[in-house]
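The structure appears below as structure tokens.
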């Protein structure tokens with residue numbers, strides 16, 4: 001004699017409640033995982049490699065030299081143009097003040113990391129002041145064209161440095177209490193690289209944006225009316241690239 005098998009059928013409403021319960025539980029677990037991720041104050045960072053340290057030294061050396069040069073370029077421009085074109089004084093002073101801030105910042109970083117400055121510092125000062133004053137003596141348009149050329153090269157240079165800092169500075173991260181290694185899923189995104197590298201990325205990004213603002217300001221003040229614009233800007237770009245290459249190494 002066959003027995004009838006009873007099949008328990010779950011009502012649609014119960015299925016919906018079960019689905020909602022599972023979704024809620026998953027959301028709570030996800031939130032718990034996010035909340036348990038370590039921040040920078042809870043972790044230690046592994047040591048940088050020799051190549052990473054060497055790049056940071058070159059970055060600070062060349063950027064300190066570059067901002068020193070920019071400081072003296074605007075010094076030369078202000079010396080010549082401020083009396084001839086009083087309406088340009090606040091514009092030039094604003095850009096110059098920012099360059100002084102950039103230079104002071106890299107001076108501080110250079111001291112903190114004990115990075116040797118460029119051995120050609122006296123040459124950078126003389127050449128930069130001569131470039132700023134010389135183009136200003138040609139015309140205010142030539143001075144602004146000089147700014148366009150210099151800031152174009154510096155903006156690209158900062159972009160290259162940012163790419164390296166973002167892509168080549170991942171180090172091992174350890175739990176500060178236990179010493180156990182942590183993977184990316186266990187730490188907050190803000191803690192993926194050390195505070196030192198994070199700060200450096202922020203500084204380079206900020207300074208790049210300010211340099212590009214100087215470029216836009218120069219274009220607004222008739223840089224492209226300089227004669228001969230193309231020849232002048234390309235020659236200055238070439239000199240700046242040569243100075244960057246040299247300052248990284250000497």
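Every residue, even glycine, has its Cβ placed from backbone N, Cα and C.
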Among 99, 248, which residue does TrEMBL annotate as binding Fe cation 2 at the site that also has 151, 211, 214? 99
From candidates 67, 180, 234, TrEMBL puts in the same Fe cation 1 site as 99, 102, 211 the residue 67
If you measure residue 67 (Fe cation 1 binding site) to residue 151 (Fe cation 2 binding site) at Cα, how many Å is it? 11
Beyond the listed site residues 99, 151, 211, 214, identify every same-chain residue whose Cβ lies within 8 Å of the center of their Cβ atoms for the Fe cation 2 site. 70, 95, 98, 147, 150, 154, 155, 210, 212, 213, 215
Neighbours of the Fe cation 1 site 67, 99, 102, 211: Cβ within 8 Å of the Cβ centroid, same chain, sequence order. 66, 70, 71, 98, 101, 103, 154, 207, 210
